[in-house]
Amino acid sequence: MARRSRYISLAAVMATLLSALGVTFLLGQGRAEAHGVAMMPGSRTYLCQLDAKTGTGALDPTNPACRSALDTSGATALYNWFAVLDSNAGGRGAGYVPDGTLCSAGNRSPYDFRGYNAARSDWPRTHLTSGSTIQVNYSNWAAHPGDFRVYLTKPGWSPTSELGWDDLELIETVTDPPQRGSAGADGGHYYWDLALPSGRSGDALIFMQWVRSDSQENFFSCSDVVFDGGNGEVTGIRGSGGTPTPTPTPTTPPTTPPPTHSGSCMAVYNVENSWSGGFQGSVEVMNHGTEPLNGWAVQWKPGNGTTLGGVWNGSPTRGTDGTVKVRNVDHNRVVPPDGSVTFGFTATSTGNDFPVGTIGCVAP
């Protein structure tokens, strides 16, 4: 009972987060890239995003390591927590990804994840029991076939030392594991059982490399854990030690239900440029299906104090509850398989440039 009062179970944390989890962004236009990172045990980017998420669209991490990473890498990386990727890795690891950069995809990602390489002992962590079997959950925002290589740091590794390939030993490789939930939907994930080595205690790190078999693109994930008899509890994030509250409820809940993933359509959000009192943003609409997407619409609620101005390559409407819905225009109505289109907008803002809760595809 004492242990349960000190820890938050990851399942409870995920249930609270995923009800209001914001979709993050992917730069560019044309080919749709995959997304994915470890959710159990939670990666640094996943748990820091959970810790930082608020009900206003602002990021306010309570964990000092997450705060430092946000200061170093900015909001773009944290909102894009499931895109620690290298488009050209092709299964390469040691000798290709430099030591000290494993948690940022060798600094080859389109996004700046350098801050998540920091060698420090105060990252959010998952509490595990040596010799037990856990179920790994790995986000499937864009599902693709391939292998998941799972590594564990060797005994004696310290979280305050740089993470290198010599610190790791491969403990499992899983090919095409099953999935729960839809790709591109809140909570959707791959899952499989992982037998943890016996005789371990203290701090460790689980490193995963997702090697796609249909592309050269690979994903990288660093999950801080401690072998102390735990059962998947998470500490070091907002609400630790009591009832989990990673995402405070907005003072005025929206009357319009949050958007849901629509078929193979996925929407990803980007702040292109910002200035005092406003910003320029874009939304990429991605088709992860095998058939053309004929017509699309995207819905979100802007951050508190944010008002959309002009919109191009899309047709906007505004709800009475503050939500925004943008539909296709004639020239970008059809999105080809594994393709994407992008619309842009300007907005006035008091600093909350990102959406409150989820942005997603809805019926046109």
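Placement of Cβ uses the backbone N, Cα and C atoms for every residue, glycine included.
Per Swiss-Prot, the feature signal peptide maps to 1-34; the stated evidence is sequence analysis.
Annotated domain 'Chitin-binding type-4' per Swiss-Prot: 35-225, in sequence order, evidence recorded as sequence analysis.
DSSP assigns His144 (Cu cation binding site) to coil in the three-state reduction, placing it in neither a helix nor a strand. What Swiss-Prot lists as Cu cation binding site is His35, His144.
Annotated region 'Disordered' per Swiss-Prot: 234-261, in sequence order.
What Swiss-Prot records for 245-260 is compositional bias 'Pro residues'.
Summarising the annotation, Swiss-Prot assigns domain 'CBM2' to 258-364. If you take every residue in the domain 'CBM2' (258-364) and average the pLDDT, you get 86.
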Within the domain 'CBM2' (258-364), residues counted as helix, strand or coil by DSSP: 3 helix, 61 strand, 43 coil
